[in-house]
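Student: Straight out of TrEMBL:
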{"type": "TRANSMEM", "residues": "A:20-36", "note": "transmembrane segment"}
{"type": "TRANSMEM", "residues": "A:56-74", "note": "transmembrane segment"}
{"type": "TRANSMEM", "residues": "A:95-115", "note": "transmembrane segment"}
{"type": "TRANSMEM", "residues": "A:169-188", "note": "transmembrane segment"}
{"type": "TRANSMEM", "residues": "A:200-220", "note": "transmembrane segment"}
{"type": "TRANSMEM", "residues": "A:265-283", "note": "transmembrane segment"}
{"type": "TRANSMEM", "residues": "A:317-340", "note": "transmembrane segment"}
{"type": "TRANSMEM", "residues": "A:352-377", "note": "transmembrane segment"}
{"type": "TRANSMEM", "residues": "A:389-406", "note": "transmembrane segment"}
């Protein structure tokens, strides 16, 4: 005699076994060619075919067991409840977590044990935080899937490099110019894609990103093509250069300090921190403005926006322009930090990483994006010792995060107007 | 005598190769509730949308208080006193009720604080739910929100697209009562598209019947309700 309980256990076991068998079948299909057959170069130089059936069998067995364990351990109702509880706890912790993270970022250069390498990593992470926050305006708030965001980063970087090279303009003049030029290109991209949504928009923006890169690569007379532009001027401390020579006209000389190469790194660190915080501040402010709410409404339902009388054209173009502007700032910063840029730095994978940061952080969440940038960029550095397994560990970590938190690290959206803030 | 609030003259419109409206003419006087009834696919929603310029009219004219708005951009039409609660409600699901309402006022250039009390008085439920996400509301509450959001723009003319769709009879009666209330107390002009012909014709002063893009009948609400063709076609026989 079977009780209902044991019957349901048996049913689950059956379903899990079936599921595991399916996964094993797929794995077998993949591994039989990829692992099972291998060609080696023989002693005579001819290719020898070698079979590795035991390896295939081991892999398939591993897939079967792992899939079975996964299917049995994840109960459907549990899977639904846990993220909600997590999110509530995380949003509570987030109240303290954000300021704590900011405080840590502010004092980072003065923490003992933080050297040149850590600061450089910090600068890199903050660059991606800024790019993530910038892209978040386009993707997270306005809901326009942009796969070519790196194009605006490139426009910013090349704007500064070329303006400095041809006209000798300083970083502080070029920074706003780079932002304006990138915003202009954002509008230029925006016009043809006004009527596109979702996948179609993604394809066109992807193509746009590639066009910018290919133009940079081939317009050798202006951009130097694949050789890039080198000798881009370093930023000055409001006119005081960082120079190892010291002397009255330099940063060290003016403040009576011993010349030290770390001054420039610390300055760059605070510069990108300030730029990132500016991005965050503007994005947060705008979210509470009519245009910010229009972006969010656009993400939710374009037809409803039209029926309400929102000017869709202006709404989309401002989102593209503003998002692009911050990428332009970040690009100018990138150029001055590296002192060398080439089209190599602006490939599609950069767009993909920035988009991954935004998605992983939970679309629309500022703090989530900061955490995701630290995890993605910092984590990637952390796994450096793993050599060729680095990508594997990294990919596994991303899959794990998406399984545990399918809506991103911080997946909940808080309203921009609250009950208490409004008088009745 | 002043002309009608809304006058549609020989309007044709459609999507792509589909001609949904084939020369529709109707008019709505100031302070009237006019209903447009018809089967699925008759072109009712297309008519409401093309009043707003999306899709644009292929022929004919739309006049609002005598002004030709046929070629105006959609957002300007919506700023000149027309509001629509679109088909399927189309509230913003991840935004709070309050944010949804504010969007309605802001898009039309109105001050949200001035409009909120009126909407909350009409639908007290929305006041209770104001910090809740739109998507978590029940169907009836979402419909209230869609109408409330449209009212936030302080319209002269309210276009309602199937407000009773998918609602329990009790809830849809509440919605219809609210529309009647708006019309009687505030003198709001309403053009109501409905499949629920029975309720709509009882509420409306006048009605039009739309069949495959053409107006086939018109008359007062009571008059249309009494006609046998209407009873057979739209009221489900002995309903």
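Including glycine, each Cβ sits where the backbone N, Cα and C put it.
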Student: Where among A:20-36, A:95-115, A:200-220 do we find the most Cβ pairs under 8 Å to the transmembrane segment (A:265-283)?
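Tutor: Ranked by Cβ pairs under 8 Å, first place goes to A:95-115.
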Student: Among A:56-74, A:169-188, A:200-220, A:352-377, which stretch has the most Cβ pairs under 8 Å to the transmembrane segment (A:317-340)?
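Tutor: The stretch I would name here is A:169-188.
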Student: Which stretch from A:20-36, A:56-74, A:169-188, A:200-220, A:352-377 shares the most C-beta pairs under 8 Å with the transmembrane segment (A:95-115)?
Tutor: A:352-377
Student: Using Cβ atoms and a strict cutoff of less than 8 Å, what residues sit near the transmembrane segment (A:169-188) while being 6 or more residues removed from its termini?
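Tutor: Residues packing against the transmembrane segment (A:169-188) from afar: 151-153, 155-157, 159-160, 163, 212, 233-236, 238, 317, 320-329, 331-333, 336.
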